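Copied from TrEMBL, the annotated features are:
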DOMAIN    135-233  domain 'Cyclic nucleotide-binding'
DOMAIN    257-519  domain 'Protein kinase'
BINDING   Lys290  ATP binding site
DOMAIN    520-567  domain 'AGC-kinase C-terminal'
REGION    543-567  region 'Disordered'
Amino acid sequence: VLVRNRVFYVLSQHEDFSRLHQEHREAIATACQIRCLPGGSEASWEDVCVIMAVNGEVQLDLSTGPQHLLGASSDLHVFGMPNRELQMPLKLHALADSKIAVWQREDLESILTFHDFDGALEQHSKVRSLRSVFVFSTLSKHRLQRLARALEIETVKSGSRVFAQGDQGTHFYIIRKGAVSVEIDGCQKRRLGHADYFGERALLGNEVRSASITALEDTELWKMGKETFQEMMQGQCLDYLKDRISLQDTALTFKDLEFVRVIGRGGFGVVKMVRAKKTGVRYALKCVRKRDVVEKNMQDALLSELDILKEVDHPFIVKFVRSFRDERSVFFLTELVTGGELLDALDALGLLNHWQALFYTGCIVLALEFLHSRRIAYLDLKSENCLIDQQGYLKMIDFGIAQHITKTRYGPLKGTPVFMAPEMILGKGNSTVADLWSLGICLYEFVVGQFPFASNCSNRGQIFHQILRAPLRFPEWFYKQPMAEETMGLLRGLLSRDPKRRLGAGHEGYAKLKAHPFFKSLCWEKLLCREYDPPYIPATEKYAEDKSQPVNPKSVGKPLPTVEEEE
């Protein structure tokens, strides 16, 4: 297993193989033939396409051309291409005890199904780019592949317009190479580069362009027309995508909103349900008092939260729409999640069985994987910060203490004590692996009904002592539950007090975590595409504030105060 993991890691760092979808890299890593070569020995093969030095050092001799050194003292670890066999005869000289991975053509063709490897890379790049678009991110792989095949290439010279503000939208674009400028009323607002996208609203509506797009250098774009898209996406799927894109109403202003009710309260203010007057689309409006922020010296934290909310775009994370401000408050407008907290689902379901725990844990894993791939540590994972949408799927909220992690971050102790990782308590800094510890706490709570450490402690010092010292134990009855061994194995991995050894940490990270036997019956693709029936679907709307009380009809439709629009 360790050797296969090493093969997968090297493939992930390779210029060409890294562009393939992760599942294809995993399949390629599994398909290789592993050979051990003692130092000083020689070996030869036929019909070989690709050779990798997993460890050690080998010299590769071809019938013609120069010799190639693979391994420890060389930058080269992989030699060859899937779409052509290496020249024969092929000889290897082991300069030290070495392990090598070898692929023959038939090993790779059964996985890639492309005779043209460049074509395979191009297709996978298209699918990966489409997956990053919020509107398409929950589509199945099959649908994404169909969309990818429909993309055409358009070349734009430096300084040329792709389209102008006010034009009728007809195409959606992904930047294949180069960069463009986004301009509104003649002012540059931002720069977009490789794999960024724009114009997706043209596929689902009849709006005019809200900005101009100009090439900053010679640029290649993938594009798709509205008619082509709507021929492939019909019925409920098309309606679902239209609902998603309604959250991205860039023309929405504060004056377009009307108050409906208060749905939550916190230390910095309230969360209100508001409604767009023209469309009827409802949103959540988080109202943060500037005075409270200044008194608690949280200005930087507020700006950090805003930056992170603008960056994250994932099916299992609440969608940020835009921000506003006035003299007293800052306002964050997000999608409205109507099914209550995950705690409501836990109350309704009781102790979770394996499938139920698998479903909610899987949702959290996918959300954390997305955040951590962007070096964002959430740092406050708990059931109260996970909401349930109307379809029964999970949405993570509240990024108030989340951080961009470029290196280990040190600072004041933040978060909920019983969910804190040991390294945070010891002042060794914050990192993304702290979230994996909190994930373990959540899973233990799901299946056992209490916290693994300090479940009966109210004193902060006692809580921290338990987290740092108490052994991880399971009640006797739990050993008899279905999948108990797999669940306990996952929990032991997540609740490792050594962050470097915690399951999900390191280079293999989420590939290793998602391959754990606990998840063996879960298809990650189906979960992301919402193809499973959730364990709990809310029968009515639920909110933290006054769940059982009716909305005051006199307050509905009340205009909101005038504020300034944020850029």
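The backbone N, Cα and C atoms fix where each Cβ goes, glycine too.
Applying DSSP to the domain 'Cyclic nucleotide-binding' (135-233) sorts its residues as follows: 21 helix, 41 strand, 37 coil.
Each residue in the domain 'Protein kinase' (257-519) has a pLDDT score, and their mean in this model is 91. Within its own chain, the residue listed as 'ATP binding site' has Glu327, Arg328, Ser329, Val330 as residues 6 or more apart in sequence whose C-beta sits under 8 angstroms from its own.
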